[in-house]
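After the structure tokens below, expect a handful of questions from me.
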Amino acid sequence: MMSVSLAWPAPAKLNLFLHINGRLPNGYHELQTLFQFIDYGDWLDFKITATPELKLHSNLSQVVPDSDNLILKAAKSLQSVTGCIQGAEIWLDKRLPMGGGLGGGSSDAATTLVALNALWQLGLDKKALMDIGLTLGADVPVFINGIAAFAEGVGEKLQPVDVAEPWYLVLIPDAHVSTADVFQHPDLPRNTPKLDMSSLSPERWSNDCQALVSAKYPQVANALSWLVEYAPSRMTGTGACVFGEFGSQQAALEALAKKPAEMQGFVAKGLNRSPLELRLAQL
């Protein structure tokens, strides 16, 4: 019987700020952001097989085609780089919204790389996994690294940070925001002055995509206008999700209980060390 390994977390991230500093000659945007994890996300289970086939099961009603699925792409990339002839059957319990700015797809890919590297006993170090992850998406290395980070460049230059770990109320507006559309929009601010590590004070944190997305998606604007009545609030990534910062779990839960019925949301704890790091330490 092949080995089964259960309950690998693929946590969400929040961009505590997102500043766009300019546009590079290759068309990519130069940015600065601060990534922090939260104790809420997707879950993956793995059954290791002796043959190289890969199968993915999911609780989603709409399954992403295999050719576009980041979980399968991650597993295949790992096989390709290492020559591994083992395979896996993978179960995804999807809890994070797609197009929400919480990094769900990138986190799923990162957890797949980290878990299969361990379960296939490949022995790649974190840097090698991050290099593979970067070929799958700009945010994947953040989740592999597993530590809250100040990111620069196109998001690939990471410096560990130790910031407060508050409770968050995250709202999920009924909107799917295209990251590509946001970054291509002519009205997106692209000239925010750069911060350095010594000036990462929260009063300077903002999201340069927020005004544009709020104008285009009234669901996002409505969520922000409601949430800001209870706590300092802003959008994560290019949206659509927004978050408010609370001093206690109780305060966040009390606000959640008052949210309008048409809004979805959850309460989660900010974490400077990813739950994936903690899961790996249990092996």
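Backbone N, Cα and C define each Cβ position, glycine as well.
Keep in mind the model is a prediction, meaning the values are calculated, not measured.
Below, the features straight out of Swiss-Prot:
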{"type": "ACT_SITE", "residues": "K13", "note": "active site"}
{"type": "BINDING", "residues": "P97, M98, G99, G100, G101, L102, G103, G104, G105, S106, S107", "note": "ATP binding site"}
{"type": "ACT_SITE", "residues": "D139", "note": "active site"}
What same-chain residues, at least 6 away in sequence, bring their CB to under 8 Å of the CB of S107 (ATP binding site)?
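The answer is A10, P11, A12, K13, G41, D42, L96, F143.
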I want to verify one value. Collapsing DSSP to three states, which class is S107 (ATP binding site)?
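Helix, per DSSP.
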Whose Cβ, among the recorded positions P97, G103, D139, has more other Cβ atoms within 10 Å than any of the rest?
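By the 10 Å Cβ neighbour count, G103 comes out on top.
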Between G99, G101, G105, which of the binding-site residues has the fewest other CB atoms within 10 angstroms in the structure shown?
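The binding-site residues G99, G101, G105 were compared, and G99 has the fewest Cβ atoms within 10 Å.
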Whole-number Å distance between the CA of G101 (ATP binding site) and the CA of D139 (active site)?
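With distance taken Cα to Cα, D139 (active site) is 11 Å from G101 (ATP binding site).
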For a quick check of packing: other C-beta atoms within 10 Å of the C-beta of K13 (active site), how many?
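So the Cβ neighbour count for K13 (active site) comes to 28.
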Round to a whole number and give the Cα-to-Cα distance in Å for the pair G99 (ATP binding site) and D139 (active site).
14
Can you tell me how far the Cα of G103 (ATP binding site) sits from the Cα of D139 (active site), in Å?
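Approximately 7 Å lies between the Cα of G103 (ATP binding site) and that of D139 (active site).
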Within the same chain, and leaving aside P97, M98, G99, G100, G101, L102, G103, G104, G105, S106, S107, name every residue whose CB is within 8 angstroms of the centroid of the CB atoms belonging to the recorded ATP site, in sequence order.
A12, L96, G237
